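Straight from TrEMBL, the features:
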type     : residues                                           : note
COMPBIAS : 8-19                                               : compositional bias 'Low complexity'
TRANSMEM : 56-74                                              : transmembrane segment
BINDING  : GLY62, ALA64, VAL65, ASN69, SER318, ASN350, LEU415 : Na(+) binding site
TRANSMEM : 86-107                                             : transmembrane segment
TRANSMEM : 128-155                                            : transmembrane segment
DISULFID : CYS167-CYS176                                      : disulfide bond
TRANSMEM : 235-256                                            : transmembrane segment
TRANSMEM : 268-295                                            : transmembrane segment
TRANSMEM : 315-332                                            : transmembrane segment
TRANSMEM : 344-369                                            : transmembrane segment
TRANSMEM : 403-424                                            : transmembrane segment
TRANSMEM : 445-471                                            : transmembrane segment
TRANSMEM : 477-497                                            : transmembrane segment
TRANSMEM : 517-540                                            : transmembrane segment
TRANSMEM : 552-577                                            : transmembrane segment
Amino acid sequence: MRVETRARAAGACPRMAAAHGPVATSSPEQNGAVPSEATKKDQNLTRGNWGNQIEFVLTSVGYAVGLGNVWRFPYLCYRNGGGAFMFPYFIMLIFCGIPLFFMELSFGQFASQGCLGVWRISPMFKGVGYGMMVVSTYIGIYYNVVICIAFYYFFSSMTHVLPWAYCNNPWNTADCAGVLDAANLTNGSQSTALSSNLSQLFNYTLHRTSPSEEYWRLYVLKLSDDIGNFGEVRLPLLGCLGVSWVVVFLCLIRGVKSSGKVVYFTATFPYVVLTILFVRGVTLEGAFTGIMYYLTPQWDKILEAKVWGDAASQIFYSLGCAWGGLITMASYNKFHNNCYRDSVIISITNCATSVYAGFVIFSILGFMANHLGVDVSRVADHGPGLAFVAYPEALTLLPISPLWSLLFFFMLILLGLGTQFCLLETLVTAIVDEVGNEWILQKKTYVTLGVAVAGFLLGIPLTSQAGIYWLLLMDNYAASFSLVVISCIMCVSIMYIYGHRNYFQDIQMMLGFPPPLFFQICWRFVSPAIIFFILIFTVIQYRPITYNHYQYPGWAVAIGFLMALSSVICIPLYALFQLCRTDGDTLLQRLKNATKPSRDWGPALLEHRTGRYAPTTAPSPEDGFEVQPLHPDKAQIPIVGSNGSSRLQDSRI
């Protein structure tokens, strides 16, 4: 990007020129600006910006495309009617996913603030931002533990024979029956009867445990018998957890300036691996059966409310709405970036990746089912069971299995890191923006380090022998219905408290055009209704959490509900706090004052504060936005302020 010195008009104050110095400029295309916009010098010198728009798009794709696209969507698809599930899935994408994504991107980009600072729009609802921070904290803690397990399997795959291929290891039990063990037994036998009844042998062994399951449960986790029995900390997992946090910290050491470069690899290489695994998978015997099991539509299931509920929930959680990450990433955009275009591109890419990953997963599972002589449903799984048991076992059947295992777990690591970058940056940005002084801006690297160290320490219990119980408890409760509540309140506060007309005018001022009519209708009516439907569906479909055959005790479930409540409770608590500190003679006056935008709400840069945001008095650093020369290529004239001091103002104003 070309760097040039701002032109100074004759008579401009030389001291002011020296203070601002060289400023990076770029073409409208580089800025991602709308076509009608002239070149904007809208670099936010204080907070920083993305190096270019590709970095933002790749980061957002890496954030939205995560582990759930690989280990949750394919399972939901085949369980809810195969190809028929695609219909409600894409309906929910159009009417809920893309509109919410666009709302959060435009919200953060307009104010150039993180998930706390944006609530200058209506200070009473700042608790929504704190709720987002709590949710991101929970997810960031356990998400990195999943990444650390992927690291462990990645390192374990660096061998000639995968350690979960056979049952001849010290940790295996008498119940272990491996696919390769049985195959070797059959090949070595002279009995043709045994060879012809191979499928019966495998049907029998399915009632026993596989070597990959025993490797996962008895060696990697050394799983305890109860969530309260922590046992020992698994040192190999602890070491991998340290590695994953160090990687995340190093990639974020300079904020978006460094992470924006890393995502060129972390956001694109998973697609290379997916394609390699897809090409290998579809060439295997039985792959077509698995893919047909994944895609064959069962149209009668479209009439079931559960299918629509699963589709809405998957869209909502997959895109990362209400986590605070979308607002944070968009806050580093240039003011006139076309976030409407970005939201459509990123949302569709996320959903297309989910569908593509289904082909990769079910082609291999179909091959495994064909090898075992059983139905695909007998080997299909989701969550950690798919990533660390079912799929690794299927990979043992392939020639050069360690290579495919390395690729698969490297892909999981990159998918996880893309999301983890944004989770950590969300917390760091919220803290830095909230404090907002020059000292913390200069020490942002130390803030990032502090958050990373805290995340590592809080993740240590999840590497114990009971760690997987706690990980699944956090996954099921910490980021479930609380996200739905947060998102619903955010929609209502922006559309009905701040006012939809005000928000539409803000977007027009930022993009050069108002949001399309479709999005206006969705934001005001359709999306909140769908969010409310998801909440009702979540409550109706609630079942106490289990892990395999283990039933969680009541006290553990209570802790789960407390985790979910801890993020939602921020909203009413902060609202009460704001009401108490707001001026007003009556409760109604206080309520009005607490919900109206603060005086520093609006664009961060002075040159963008036009129309109703135009300053009527001399700006000061305490106003909360960055002061930069307005149109420095035009003549500037000194005027005298009310306190007798002179200042420069654009002659056009």
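Glycine is treated like the rest: Cβ placed from N, Cα and C.
Just so it is clear, the model here is predicted, and its values are computed rather than measured.
What surrounds the Na(+) site, by Cβ distance within 8 Å of the Cβ centroid and not counting GLY62, ALA64, VAL65, ASN69, SER318, ASN350, LEU415, is the set VAL61, TYR63, GLY66, GLY68, THR353, SER354, GLY418, THR419 from the same chain.
Within its own chain, the transmembrane segment (56-74) is flanked in space by residues 32, 50, 105, 143, 146, 256, 259-260, 263-264, 266-268, 270, 294, 314, 317-320, 325-326, 329-330, 332-333, 337, 342, 345-347, 349-350, 353-355, 357-358, 360-362, 382-384, 386-387, 411-412, 415-419, 421-422, which lie at least six positions past its ends and keep a Cβ under 8 Å from the stretch. As a quick check, the transmembrane segment (86-107) and the transmembrane segment (344-369) clear the bar of 3 or more Cβ pairs under 8 A, pairs 6 or more apart, so the two touch. The stretches the transmembrane segment (128-155) and the transmembrane segment (477-497) are in mutual contact, each linked to the other by at least three Cβ pairs under 8 Å (pairs 6 or more apart in sequence).
Among residues of the same chain six or more beyond the transmembrane segment (315-332), those with a C-beta under 8 A of the stretch's C-beta atoms are 44, 47-50, 56, 59-60, 63-64, 66, 68-69, 72-73, 89, 92-93, 96-97, 100-101, 104-109, 111-115, 117-118, 129, 132-133, 135-136, 139, 256, 339, 347, 350-351, 354, 419, 422-423, 425-426, 429-430, 479, 483-484, 486-487, 490, 531, 534. The transmembrane segment (268-295) makes contact with the transmembrane segment (403-424): 3 or more of their CB pairs lie within 8 A, with pairs spaced 6 or more apart in sequence.
Against the transmembrane segment (403-424), stretch 235-256 has more CB pairs under 8 A than any other of 235-256, 344-369, 445-471, 552-577.
Taking the recorded positions CYS167, LEU415 in turn, the residue surrounded by the fewest other Cβ atoms inside 10 Å of its Cβ turns out to be CYS167. Within the same chain, residues 124-128, 130-132, 134-135, 138, 226-228, 469, 473-474, 476-478, 480-482, 485-486, 489, 544-546, 594 sit at least 6 positions outside the transmembrane segment (552-577) and bring their C-beta atoms closer than 8 Å to a C-beta of that stretch. For the transmembrane segment (445-471), the neighbouring stretch richest in Cβ pairs under 8 Å, chosen from 235-256, 344-369, 477-497, is 235-256. Long-range C-beta contacts of ASN69 (Na(+) binding site), restricted to its own chain and to partners at least six residues apart, with a cutoff below 8 Å, comprise SER318, ASN350, THR353, SER354, ALA357, LEU415. Sequence-distant neighbours of VAL65 (Na(+) binding site): residues of the same chain at least 6 apart with a C-beta under 8 Å from its C-beta are ALA267, PRO270, THR349, ASN350, THR353, LEU415, GLY418.
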